[in-house]
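**Q** Structure provided below as structure tokens; questions to follow.
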């Protein structure tokens, strides 16, 4: 029997209708199976890994970040999208390792997770982004005011250029700008404000601008803009100020129909909020939020009025200070424990 290596929720592009839907994915040592629901016994499809090629980052979709492509030996392309960078890198690393082991005729085994601080000659933008996000040695996020607007958790294009040169990732400013443009094109960086957005739309070779009025932010940061509202820039509520503590997909029970759907959750602290989104549509507009201050979080064995899906196991409940009950299911018991611990800490320390 094939060895099961990894499982979890990913967003997958359909091969017939071209729509993006959440699927339960199981990686084994010889293939990738995907299911409509976790509880299903039969997969919707199976992707053989023998002779397969994995491409990440995948640049085929300009409006979707964190996509990777798995191409079979028969030249069939399958596109998957993760909910955050660490999740994509984890899937990519394990799938690539499975392909390598299969080609070499050896059993799957993960390599050491230790990573050198220096990048290889061929720049890996994902690794570069991880270094930039480092709390101590990465690019520092700031609160900057431009044209009567306050931009939180952002930085200038010049700051990125200076960091790349100081860390020996680029030899000069033009080379650093090309690297920054690659990060922008992959969705790791996002433009904030009119100047940087005009730079992206200008069609120049280097779309990241090395000037003090060109602002940018990390795609998975707590960026928000105050003091201005238009079709593109929206005053974000107080609840989005906090830093992101944890994020990922969970199964959530609806309040009205009591049906269960996969949602992407982003946990923030100070103030203590957890927002949930449709993972197929991005993080711009949340479907809802839960104020966690004073909430009670506990593991449960069953949900009293569960319907439609078999949701036994790995369940937990959030009871807010106003007595609203939310029932959620994690993929594994370890993941449930991690979410409970993180939410409990935020509920006690965040305002």
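Positions of Cβ are set from backbone N, Cα and C atoms, glycine also.
So TrEMBL has the following annotated:
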{"type": "DOMAIN", "residues": "3-100", "note": "domain 'PH'"}
{"type": "DOMAIN", "residues": "135-220", "note": "domain 'DEP'"}
{"type": "DOMAIN", "residues": "243-348", "note": "domain 'PH'"}
**Q** How do the residues of the domain 'DEP' (135-220) split into helix, strand and coil according to DSSP?
**A** 31 helix, 21 strand, 34 coil
**Q** Averaged over the whole of the domain 'PH' (243-348), what is the pLDDT?
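**A** Reported value for the domain 'PH' (243-348) is a mean pLDDT of 88.
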